[in-house]
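Enquirer: Among the features that TrEMBL reports, L-glutamate binding site is placed at B:Arg41. Residues annotated as pyridoxal 5'-phosphate binding site in TrEMBL: B:Ala75, B:Thr76, B:Trp101, B:Thr152, B:Asp171, B:Gln194, B:Asn236, B:Thr237. Here TrEMBL flags B:4-347 as domain 'Aminotransferase class V'. Annotation comment: TrEMBL describes B:Lys195 as N6-(pyridoxal phosphate)lysine.
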Number of protein chains: 2
Amino acid sequence: MRAYNFCAGPAALPTAVLEKAQRELLDWQGTGVSIMEMSHRSQEYVAVAEKAEANLRQLLNIPSNYKVLFLQGGATLQFSAIPLNFFGKNAKADYIKTGIWSDKAIKEAKRYGEVNVIDATVNVNGKTGIAQSQSWNFSEDASYVHYCENETIGGVQFKDIPKTKAPLVADLSSSILSAPIDISQFGLIYAGAQKNIGPAGLTIVIVRDDLLDQAKPEIPSLLKYANQAHNQSMLNTPATYSWYLAGLVFEWLLEQGGVKAIHEKNLAKAKRLYDYIDQSDFYDNPIVKDNRSLMNVPFTLVNDSLDQLFLQQAEEHHLLNLAGHRSVGGMRASIYNAVPLEAVEALVQFMEKFAQAHR
Amino acid sequence: MRAYNFCAGPAALPTAVLEKAQRELLDWQGTGVSIMEMSHRSQEYVAVAEKAEANLRQLLNIPSNYKVLFLQGGATLQFSAIPLNFFGKNAKADYIKTGIWSDKAIKEAKRYGEVNVIDATVNVNGKTGIAQSQSWNFSEDASYVHYCENETIGGVQFKDIPKTKAPLVADLSSSILSAPIDISQFGLIYAGAQKNIGPAGLTIVIVRDDLLDQAKPEIPSLLKYANQAHNQSMLNTPATYSWYLAGLVFEWLLEQGGVKAIHEKNLAKAKRLYDYIDQSDFYDNPIVKDNRSLMNVPFTLVNDSLDQLFLQQAEEHHLLNLAGHRSVGGMRASIYNAVPLEAVEALVQFMEKFAQAHR
């Protein structure tokens, strides 16, 4: 049987997507070969790739003046690619700091230019949150403003899209496709695939086309957005199988009713879990309510000596990967698009029983 | 039915590997989750990753002072990563030019330092080959010497490993694991996975550990071999599913008897095809015999107006992807490890019939 998988990433994929991939693994649509054995330049594969992009454009309502790139290297390679692509004319940017991932982006950007760090983390009565935007000191001349829309490790998410003068660049790795978002407010968004898109090894970049030509000269050719945009992300062989699987996920999302429909399900899942934690005196969520993540729900046991027992018994109940990130400990339930409400229901029921047994 | 797939890459994978992947796609070894839904830091996944590396080390007899890295971005990203990693102390290298891929590596390296190009292409009685090494002018102070061991597009392969004073860096994308090779003669070898290793989106780098610390300061952190080596290629989330599939291919190769045994099969396949072409006056191979590729066999029809008909009828016989690279035209049969002798036999029989019908 399929377990309930709360992994932060590589994360659960829709069972229907895996079943379809399984069916056609050895013979894609009667061609006699696997899709992963097919030339990326073949007519058949190009149609698969283009359909994936078209479906993503539909799902996110991406304006036509944005390029959609299917790249490799994860969000971490984008931490370098972004300053390398945008620091050619003015090597200066504002970075909003809200947790571990935005901090990693900051450290890498500093290697390529001047970074104005806006520390937006606040502590309100012992809970972590994001400061009000009025307190943020943007530079007058930044090439862009970077932020991490949802901090996967901390479980902290922005309530609103920041208003900025400079183009806004956002890491949406763990929140893309979980809720409607207005792409036109961004200069660039990027996301590693391994949460809401597909398998690890694929990275989506959506970039406004007027921003393509300001790369630093030392940029590796493959990392240059302009090069990839002009070659439909096929400057070299892309991660063809991951791109195909992403396409299956996009199709599945459309079948679910699109991003608006999946967002409603996500809201219901998150409400069920946060509501249960809030009424409990056995569990706690450390985040300010307005900044709670829709996708990553960290929680602690009031008595942390029970952590290991909790994780062990959860696993026995087929509730997998509930340990918090190794840097923070505690628990974390990642409830991405592919995690069904039943999984959250099963988790809450287990949490309830565990609390009763150990209070 | 499975067709015979002569694609240059992404290329045929062993049917047994795809069948195993298919069986366990939704539930890896009773865990209730797909291997692609598993954290790269989980005990189970780390064991899969380590076993893949151990099997590759066994297959290639890799000495213990070499690191094996499982990276992303293809050989093309290595065209940048190599000079960025090795030009920190002395931004100068020798590059041997033998075709389109070595030339791409040269163009990218020139962006980061001084490149001494050794043009080793020769024309002998209308056939393309590689010049004798006595004619190569190596620099006295190169940081490394780069070459492409097998030119996938041209179908040109080195007969011997070049003898160099500086560490030897080799692109083995289309020849790795096809024949025994003495790793200790190299400073670094690299290979995109999509020919003899696994699906596109994975890149193997094997690097001698004394070469790790000479990177240029502007190198993206993720491209720095030292960083990846110190983090077991998990500086960020690697391409977990591709790594797993590569591991299945390595297991399959061991079951076949290892690289020596597969090499014998490859020799038999290549001999069958080249021998047939050589005795024919209808087909021609444009490469000097000593430099013919074991993996990529380009051939032309003496009457090239029949090319399209040849390709169309081949496809009707389930002989797929025989068109030459778009930059050179003609035909090319890529006969990687996963292409069985029966496929070559079927191809030769078809070529024979086609020649009889059209001479």
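Placed from the backbone N, Cα and C atoms, the Cβ positions cover glycine too.
No curator has checked TrEMBL annotations; they are predicted automatically.
Source: prediction; values computed, not measured.
So that I understand the layout, could you describe where these features sit and how close they are to other parts?
Expert: In the three-state DSSP scheme, B:Arg41 (L-glutamate binding site) falls into the coil class.
If you take the C-beta of B:Thr237 (pyridoxal 5'-phosphate binding site) and look for same-chain residues 6 or more apart in sequence within under 8 angstroms, you find B:His40.
The secondary structure of B:Lys195 (N6-(pyridoxal phosphate)lysine), as reduced to three states from DSSP, is coil rather than helix or strand. Counting only same-chain residues six or more apart in sequence, the Cβ atoms lying under 8 angstroms from the Cβ of B:Lys195 (N6-(pyridoxal phosphate)lysine) belong to B:Ala8, B:Gly9, B:Ala11, B:Thr152, B:Ser173, B:Ser174, B:Ile176, B:Met295, B:Ser334, B:Tyr336.
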Enquirer: Along the domain 'Aminotransferase class V' (B:4-347), what average pLDDT does this model show?
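Expert: Per the prediction, mean pLDDT sits at 97 for the domain 'Aminotransferase class V' (B:4-347).
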Enquirer: Looking only at B:Arg41, B:Trp101, B:Asp171, the binding-site residues on record, which one has the least crowded Cβ, with the fewest other Cβ atoms within 10 Å?
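Expert: With the binding-site residues B:Arg41, B:Trp101, B:Asp171, fewest surrounding Cβ atoms within 10 Å: B:Arg41.
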Enquirer: Roughly how many angstrom lie between the C-alpha atoms of B:Trp101 (pyridoxal 5'-phosphate binding site) and B:Arg41 (L-glutamate binding site)?
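Expert: So the alpha carbons of B:Trp101 (pyridoxal 5'-phosphate binding site) and B:Arg41 (L-glutamate binding site) sit roughly 35 Å from each other.
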Enquirer: Considering only CB atoms and a limit under 8 Å, which binding-site residues from B:Asp171, B:Asn236, B:Thr237 lie near chain A?
Expert: B:Asn236, B:Thr237
Enquirer: According to DSSP, does B:Asp171 (pyridoxal 5'-phosphate binding site) sit in a helix, a strand, or coil?
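Expert: Assignment for B:Asp171 (pyridoxal 5'-phosphate binding site) reads strand.
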Enquirer: If you count other C-beta atoms within 10 angstroms, which of the binding-site residues B:Thr76, B:Thr152 is the most crowded?
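Expert: Output for this query is B:Thr152.
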Enquirer: Which one of these binding-site residues has the most other Cβ atoms within 10 Å of its own Cβ: B:Ala75, B:Gln194, B:Asn236?
Expert: B:Gln194
Enquirer: What three-state class does DSSP give B:Ala75 (pyridoxal 5'-phosphate binding site)?
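Expert: B:Ala75 (pyridoxal 5'-phosphate binding site) sits in a helix per DSSP.
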Enquirer: Do you know offhand how many angstrom separate B:Thr76 (pyridoxal 5'-phosphate binding site) and B:Arg41 (L-glutamate binding site) by C-alpha?
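Expert: Distance between the two Cα atoms comes out at 28 Å.
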